[in-house]
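Below is one structure, written out as structure tokens; comments come after it.
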Amino acid sequence: MIRTDQSSDFKTSWRKNLYENQGYPDNYTDISFLEELKKNVNMRKVSFTEAFLGSTLVTQQLCVIVLFTLIFYCIYDEKISSEVLFLVNCCFTVVGYALYGLFYGVAAKRHTRALIAFLILGYLLSPVLKTLTESISTDTIYAMSSFMMIVHLVFYDYGVKAVIVSSSLSLNAAVFACLCLASRLQTPFDSFVLMSFAVQCFLLCPLVLAKIKNNHLILVILLGLCISGLYKVSHIMTVLFLGAVIFLNLLCPCLFVRWHAYKDNIYGPWDEAVVKGFEWDSKYTLPCQN
């Protein structure tokens, strides 16, 4: 590259004009080229508290997955009756629907019809769901379910605009994992109850939790339920869950805040032009033609 101090060898001063032959080489870089360089124009420093609060959303969804897995284990091992779980699920649905109507102001008649249709179709199709993956081994079912739950966590909408966010993919992955697990239960009614609980966990609960601003109490309750439930099932799983919570809520925010300080964005005249928004004046609107 030609050195910038050689500009004195030329008679005319360099100008930023692509279509003008100024007598300079094509690879010449003038010292004034970087005068308009700007760094980190819109960069905002993130504190540890903000990073910690953001990571709690991931922990909250992880707790929902763990609770669903515990419910599956209790039904599979006959530690809880499906009828009792169905009644509990109905009670939670009524409470959640009341909160949903309070936040969103929905019409009760229309959603009641949808709920009744779901219960009838779900109960009628539960024998088909139970036999859907009979030809697949149980180990493969558990592996696919675990992988799909990880996909659900990765692509879940945590309220941050990103390319990787896909609510439809996240929901479909969770439903697929639930279908795989429901096929390993003993009776069609067990599969129906588990799928009803899955719809409540992965479809209805996020709608209510998204409107609750101060959900720290809910997170504490979910953590308590997960830890107590895992402790009765396996001590090793309890330790792994606590390790995952510590990693997500302490280590990841620390690393994010530390590495965020090294973020360096440059802006200059070589960037693409950004069209700013404007308000359209009514006097410039075209008249309607019949």
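Every residue gets a Cβ built from N, Cα and C, even glycine.
Per TrEMBL, transmembrane segment is recorded for 51-73, 85-107, 114-133, 139-156, 163-185, 191-210, 217-233, 239-257.
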When counting Cβ pairs under 8 Å to the transmembrane segment (217-233), the leader among 51-73, 139-156, 239-257: 51-73
In contact by Cβ distance (the transmembrane segment (51-73), the transmembrane segment (139-156); 3 or more pairs under 8 Å): yes
Per Cβ pairs under 8 Å, the stretch of 51-73, 114-133, 163-185, 191-210 packing most closely against the transmembrane segment (239-257): 51-73
Chain residues in Cβ proximity to the transmembrane segment (114-133) (below 8 Å; excluding those fewer than six residues from its ends, i.e. six or more beyond): 93, 141, 179-180, 182-183, 185, 187-189, 191-192, 195-196, 199
Same-chain residues near the transmembrane segment (51-73), Cβ under 8 Å, at least 6 residues beyond its ends: 79-80, 85, 149, 152-153, 156, 158-160, 178, 181, 185, 194, 197-198, 201-202, 205, 209, 215-216, 218-219, 222-223, 225-226, 229-230, 233, 241, 244-245, 248-250, 252-254, 256-257
